[in-house]
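A.B. asks: Straight from TrEMBL, here's the annotation block:
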type    : residues                            : note
BINDING : A:His9, A:Asp13, A:Asp75            : Mn(2+) 1 binding site
BINDING : A:Asp15, A:Asp75, A:His97, A:Asp149 : Mn(2+) 2 binding site
DOMAIN  : A:181-307                           : domain 'DHHA2'
Number of protein chains: 2
Amino acid sequence: MSKILVFGHQNPDTDAIGAALAYANLQQTLGKEIEAVALGTPSEETQYALDYFEISAPRVVSEAKTEVSDVVLVDHNEFQQSISDIADLNILAVIDHHRIANFETANPLYYRAEPVGCTSTIILKLYKEAQIEVPRAIAGMMLSAIVSDTLLFKSPTCTAEDVTAAKELAQIAQVDLEEYGLAMLKAGTNLSDKSVETLLDLDAKSFTMGEKTVRVAQVNTVDIKEVFARQAELEAAMASENQTNQYDLFVLIVTDILASDSSLLAVGSDLDKVEKAFETTLENNRAFLPGVVSRKKQVVPQLTESFNN
Amino acid sequence: MSKILVFGHQNPDTDAIGAALAYANLQQTLGKEIEAVALGTPSEETQYALDYFEISAPRVVSEAKTEVSDVVLVDHNEFQQSISDIADLNILAVIDHHRIANFETANPLYYRAEPVGCTSTIILKLYKEAQIEVPRAIAGMMLSAIVSDTLLFKSPTCTAEDVTAAKELAQIAQVDLEEYGLAMLKAGTNLSDKSVETLLDLDAKSFTMGEKTVRVAQVNTVDIKEVFARQAELEAAMASENQTNQYDLFVLIVTDILASDSSLLAVGSDLDKVEKAFETTLENNRAFLPGVVSRKKQVVPQLTESFNN
């Protein structure tokens, strides 16, 4: 049996790292030789969780085929969000909660996707199906992932299963869910000391929409104004990223985690498609999106449909 | 809650029809308004099973959007094997055991694929997870699907889970597994009264390989010679299908279900890729493939790799 690597998407968020750690732990317990790695360093939010539960951050890799042939993807499937040499690897399994696109395999595989708020909610099911107990620190990381992905259950992506899973994991992790969750989310909103380039890369994903490539970044904050104080600098960096990486459009979603609203900033071509997607008018390249907190459910499908029509 | 349609692939085999019937039964028991339909009429093998367990064949449909917006796919995912208007439908769920290719959704969905021999083996798990009992006739169709897909456990796609599931389902269905299974398989090998066009369409699927479209048909027989007595007629029909449907290559796999071997017939371009895929030399457009019985595991990956290099 050869070694397996498991990893989440590029610009890893807490679920990308937490789900990889949890899946690796489960499979190790079942006797597999598997290592959780990451396609980037942890965000401050994720680092808060890792420190709290005393777990080391996964080793960062940028390619896999030099060390393994078999990989498992968690929290993503689209190849452009995955490891650079994904097309040369044998994908054994995918555990995910996103749409499926730009993904294919030559062989049958294990694919488990469910329309829930967090990959870690599905991984908890896998532990139960295998009748394996979740260790405390792993439960803490899975709980952190659910809190992160659902913004403490405020996101429309959150399902009853996510809430139940988080409560169960909080018990195993021995933390007060609300208190720990808010502290962890706030740890991720410290944006003032970050360069605009860092900020745009904290949680950014690329999507193919129609014939175009669209970059959608999201940052969480407790002070939207503070972020937009640097709007000119942000726009310059977004335009520069578009040019360097051949993105047609760069959309930044700035989410107020307390008010559960977002403001959008768009730079690039097809701004009319952005306006159509959100039935809004951009003013100074910006639009306020009341009630929008989920990129997956309230941003990407709307943009995709707008680009497809 | 609006009505849902569930269906297997075009040119339905016993799993495509059995898994659709089983999934619909499970979801109806759980309170959903869902109907199993089929993208074609049952084969003689499938009809034998339907008659034995006194179930009506599912209604045949060729498009869905005029009656529903939500669909569930079983035993396939590739769009070119699915309903004609698949790109306009909302895919709620997929239950499958094939590679994933030419498949995408705009929204998160339930996707359950496992590398087992038959979709119905996975659906038995879904019944258990939902704690619903499988009715006798449905168990009979699921058992028939496993026997069909694994050629009574002789295919290399067959896993220990398929064998266990089949034994359990045979008990519920109140049949002797070996005796019923062989009788059902033999019912599907009556090829002599069929036109070559019908024979080529019994169990045929299209695949995108590299830049090419490859049609791979498979027929089961207890007498390979009988099939190749009509080789000239078959080749003419394959060439005609290639032209009509823009297939670059048509590969027919004739499988001896008793000897567990196959003979291949290839018509079209890229015959060198066929030779490379199976490390063989075509003679009179034919090659003997010892031990090959599974299109999914012993034909499609080999051809795909050959076309990709």
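The backbone N, Cα and C atoms fix where each Cβ goes, glycine too.
Whatever TrEMBL says is automated annotation, not expert-curated.
Structural setting of the listed features?
C.D. replies: Annotation for A:His9 (Mn(2+) 1 binding site): spatial neighbours A:Ala16, A:Leu39, A:Asp75, A:His76, A:Gln81, A:Ser82, A:Lys205, criterion Cβ-Cβ under 8 Å with sequence separation of six or more.
A coil conformation is recorded for A:His97 (Mn(2+) 2 binding site) in the three-state DSSP classification, outside any helix or strand.
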A.B. asks: May I have the list of same-chain residues other than A:His9, A:Asp13, A:Asp75 whose Cβ is within 8 Å of the Cβ centroid of the recorded Mn(2+) 1 site, in sequence order?
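C.D. replies: Here the nearby residues are A:Gly8, A:Asn11, A:Pro12, A:Asp15, A:Ala16, A:Ile17, A:Ala19, A:Val74, A:His76, A:Gln81, A:Thr119.
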A.B. asks: Long-range neighbours only, meaning 6 or more apart in sequence with Cβ under 8 Å: which ones does A:His97 (Mn(2+) 2 binding site) have?
C.D. replies: A:Asp75, A:Ala113, A:Glu114, A:Pro115, A:Val116, A:Gly117, A:Cys118, A:Thr119, A:Thr121, A:Ile122
A.B. asks: Ranking the binding-site residues A:Asp13, A:Asp15, A:Asp75, A:Asp149 by other Cβ atoms within 10 Å, which is at the bottom?
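C.D. replies: A:Asp13, out of the binding-site residues A:Asp13, A:Asp15, A:Asp75, A:Asp149, has the fewest neighbouring Cβ atoms within 10 Å.
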A.B. asks: My list of binding-site residues is A:Asp75, A:His97, A:Asp149; which of them have a Cβ under 8 Å from any chain B Cβ, in sequence order?
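C.D. replies: The answer, in sequence order, is A:His97.
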A.B. asks: Quick one: which residues besides A:Asp15, A:Asp75, A:His97, A:Asp149 have a Cβ within 8 Å of the Mn(2+) 2 site's Cβ centroid, in sequence order?
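C.D. replies: The surrounding set, listed in chain order, is A:Gly8, A:Asp13, A:Ala16, A:Ala19, A:Val74, A:Asp96, A:His98, A:Gly117, A:Cys118, A:Thr119, A:Ser120, A:Ala145.
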A.B. asks: What does the structure give for the C-alpha distance between A:Asp13 (Mn(2+) 1 binding site) and A:Asp149 (Mn(2+) 2 binding site)? Integer Å is fine.
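C.D. replies: Rounded to a whole number, the Cα-Cα distance is 9 Å.
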